[in-house]
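Annotated features in TrEMBL:
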type: SIGNAL; residues: 1-26; note: signal peptide
type: TRANSMEM; residues: 232-254; note: transmembrane segment
type: TRANSMEM; residues: 294-322; note: transmembrane segment
type: TRANSMEM; residues: 334-352; note: transmembrane segment
type: TRANSMEM; residues: 364-391; note: transmembrane segment
type: TRANSMEM; residues: 397-425; note: transmembrane segment
type: TRANSMEM; residues: 446-468; note: transmembrane segment
type: TRANSMEM; residues: 488-512; note: transmembrane segment
type: TRANSMEM; residues: 524-543; note: transmembrane segment
type: TRANSMEM; residues: 555-576; note: transmembrane segment
Amino acid sequence: MSKMEALKLSLIIISLLLTSLRSIASSPDNHRYNVGDHVPLFVNKVGPLNNPSETYQYYELPFCGPDPVVQKKESLGEVLSGDRLTSALYKLNFRENKVAETLCHKKLEGDDVAKFRDAVINDFYFQMYYDDLPFWGFVGKIEEDSWTLEKKSLKYFLFKHVQFDVLYNGNQIIEVHAIGDPNQVVDITEDVGVDVQFTYSVVWNTTSAAFDTRMDRYSRASSLPIHLKIHWFSFINSVITIMLLIGLLTLLFMRRLRNDLRTRFSTGDEEDDKEVGWKYIHGDVFRYPRNKSLFCAVMGVGTQLLTLVCSLFVLVCLGILYPYNRGTLCTALVILYSLTSGVAGYTTASFHCQFAETGWERSVLLAGIMYAGPLFVIGSILNVVAVSYGATVALPFGTIMVIILLYAFLTIPLLVLGGVIGYLFRSEFQSPCATKRYPREIPPLPWYRDTPCQMFLGGFLPFSAIVLELQHLYASLWGYRIFTLPSILFIMFIILILITAILSVGLTYIQLSVEDHQWWWRSVFCGGSTAIFMFAYCIYFYTRSSMSGLLQFSFVFGYNACMCYAFFLMLGTVGFRSSLMFVRYIYRAVKSE
């Protein structure tokens, strides 16, 4: 082979290698494309703007669709979120402009026209994904035709032309919009068949925005100065509340507690005993509560949910979970709940075995169904409602079976394993004072010292500290605002726990001071009562919103009930644990004297 032929062969090989490397470097996986490359576009769902949970598959409306319609494989979280990505006829190749490209010719029958008209009346939007970027557009518009003395006449129009505006930087897509052309519409006011030519245009423009910041535009509404100001106001308000509570606890309770500790311990003399307040019930304060198995299960599930929420916040703060990734949050919730079931089993069994060495199995069984049971019942009811509507939030049978199998083969085994470990490493309950055989009678108390009044005080103050942040959370869950400040939400969660702990200690001390020794369950109820105010605020939020219909009503109140129930268990656990530490401290201090 001559040198010239060898050089030609080398150039051919190099060019082939460069071509192959170029094709490898440009793909949907790394979001890099060459001019003319196919970029994946999926249609997702449609639904009324005012009802975020009421979504339907895109082709429930008689849009132009491919034959056959291919559905994208979805993760568990995407299915739980109601995403149903399917193929489309739109062809948006990278950096290829198109003008009035025909999508399809379609004959809309009377029923099709009625479907589109109902969608326009209910302000339906559609959602698509282009290069994993979500974007939205409206189905049509409403115009006032004329006015009469009796009523006004409305006309309904369907957009038959959509313009896609795409921004790119180098070989990467940064932004995409879909706009229905108001000048190219079809009158669908009457149930009359009509021939429609659906068209679309694609316009590409350059931008200097970096690829790493292309998701920022979805959070601009939540990052406006006024919203940031509200976030910081909520944070400062919570910090001030904590400082006031700590000051109040120090001035009122600690000073009185110090005086009580100076008083000598009970001598058995009836007159002396009545003068020492909470010391008078030292033989009853560590008496095991009623419904011991249920109480242990509450402690176990509350600890599990606290571990789950903290793990979620850690993953979000580390950037592993972020609000733009489809379905990852729902997937993380399901997986973490299963993995943390071992925490519930261990905490339940170990706490039960401090009271008795037998019967811990019943407590672990209660822990397994305490939260999962109500969640399954509510979820089943909501799924029946969603199926009756034909909404995408209805879970397919396969997804339901996956969840059941995950619970049966991962959650339950870890729960039992945690329970066995808790039993094996059991310890006795550390009580500074011996418990008397018979409980002492509780003296009559005024109404403002009863459990409901203490629950009101124990729930209202923490709720007032988080109410502004709760508004943002509900707007994210039941609206279209993306919550983009998880660090502040995490701080507010920690503040909520601190306020709950401080109030629980104060309310427990007040209860013991009036010789009421049944503080175990009351500390749980007072700590978890914030969840009642959260659910009440959910009712207020719904009435002030534009949401309507049975489906949206069911999902808002059903899932908020599950969320508030979880907060009740978490905060109730915090309330009891902090009260237990306080009670042990004061009675240990008295005994040491």
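Yeah, the Cβs are placed from backbone N, Cα and C, and that goes for glycine too.
Just so you know, TrEMBL annotations never went through curation; they're auto-generated.
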Segment proximity, the transmembrane segment (364-391) to the transmembrane segment (555-576), 3 or more C-beta pairs under 8 Å: yes
Considering the transmembrane segment (334-352), which listed stretch of 364-391, 397-425, 488-512 counts the most C-beta pairs under 8 Å: 397-425
Surrounding residues of the transmembrane segment (446-468) on its own chain - C-beta under 8 Å, 6+ positions past either end: 230-231, 233-234, 237-238, 241-242, 245, 492, 495-496, 499-500, 503-504, 507, 510-511, 514, 516, 522, 525-534, 537, 571, 575
